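Student: Please read through the structure below; I'll follow up with questions.
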Amino acid sequence: MSNTFTIKSQSAWLYSLWKFSRPHTIIGTTLSASGLYLIAIALSNSNFSIFPILGAWVACVFGNVYIVGLNQLEDIAIDKINKPHLPLASGEFSLLTGKLIVGITGILALIVALFQGKYLFAMVVVSLAIGTAYSLPPIRLKRFPFWAAVCIFSVRGAIVNLGLYLHYSWILKQPITIPIIVWVLTLFVLVFTFTIAIFKDIPDMEGDLQYNISTLSLKLGKKAVFNLALWVITVCYVGIILVGFLRLSEVNSVFLILSHIIPLAWMWLRSQQVDLEDKNAIASFYQFIWKLFFVEYLIFPAACLIA
């Protein structure tokens, strides 16, 4: 009986840790670490090895948990309104537990990255610094729509992509340069992440208003931000489709074009079903946007591998 209770308690704690880690961000981190490695070996004709990607992934995941965990530590009162299912807001984790997880993962991210190489270490240091400035007073950049968006898309869009590619190039003993096709992916993700940054606040308007967090959704209204997000994503996909017509040697152009027309059409069809007065519908579409983000890290490396 006691063993069964212990197993259930451990499972419940691990599930709370999974929620605390914000699964959609962990998936995004995993796919970006994997995708950039596949692009690096495709462009360099190198052999695949699990060890470079594993080391980078571990450092990035620890850093990811630190950033999202610190944000939850500072937003407990807001999350009780906007995201009551999160472990700190619901009381599944104590404040001390949250602080320990954040502190340990932040330190481990730096240690693991340091032993992997200078480019990965630099990427992790910059990412953690921006993540800290985003959440932690007195700076707390998330209070300001512009700077909050800059924090999110600079890390997800530029720092992670460029940092990981430089790290993998260094590991593979390739020239330390950024090829045009990696710049294309980086620009796509940079702009796409802007959409994530502005859209995530639409279902959180009630708590943000109560705690004086300024967001575009509060300034412009949910309908305007929703439409802005759709058109920004459209620009991203059209941009990649146009790149496909340039017939760059590093990618399979036909695959690149077709694989971006389909999700673009799917997004517009899906957007017609969203009721902006339904918080659950908005949250569901936000997760759909994350899925499009995930898919890009499958599509783009595939286009490079079959070039």
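Going from the start of the chain as shown, residues are counted 1 onward.
Positions of Cβ are set from backbone N, Cα and C atoms, glycine also.
A TrEMBL annotation is a machine prediction, not a hand-curated record.
Okay, these came from TrEMBL:
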TRANSMEM  25-44  transmembrane segment
TRANSMEM  50-73  transmembrane segment
TRANSMEM  93-113  transmembrane segment
TRANSMEM  119-137  transmembrane segment
TRANSMEM  144-168  transmembrane segment
TRANSMEM  180-199  transmembrane segment
TRANSMEM  224-245  transmembrane segment
TRANSMEM  251-269  transmembrane segment
TRANSMEM  281-300  transmembrane segment
Student: Can you tell me which recorded stretch out of 25-44, 50-73, 144-168, 251-269, 281-300 has the most Cβ pairs within less than 8 Å of the transmembrane segment (93-113)?
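Tutor: Looking only at 25-44, 50-73, 144-168, 251-269, 281-300, the most contacts with the transmembrane segment (93-113) come from 50-73.
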Student: Same chain only, please: residues at least 6 beyond the ends of the transmembrane segment (180-199) with a C-beta under 8 Å from a C-beta of the stretch. Say none if there are none.
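Tutor: Contacts of the transmembrane segment (180-199) (Cβ under 8 Å, skipping residues fewer than 6 from its ends): 32, 36, 39, 43, 145, 148-149, 152-154, 156-158, 161-162, 165, 215-217, 225-226, 228-229, 232-233, 235-236, 239-240, 243, 248, 250-251, 286, 289-290, 292-293, 296, 300, 304.
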Student: Using a Cβ cut-off under 8 Å, which residues of the same chain at least 6 positions beyond either end of the transmembrane segment (50-73) come close to it?
Tutor: 20-22, 25-26, 29-30, 32-34, 37, 79, 86-89, 95, 98-99, 101-102, 105-106, 108-109, 112-113, 115-116, 120, 124, 127-128, 131-132, 134-136, 142, 155, 160, 164, 167-168, 171-172
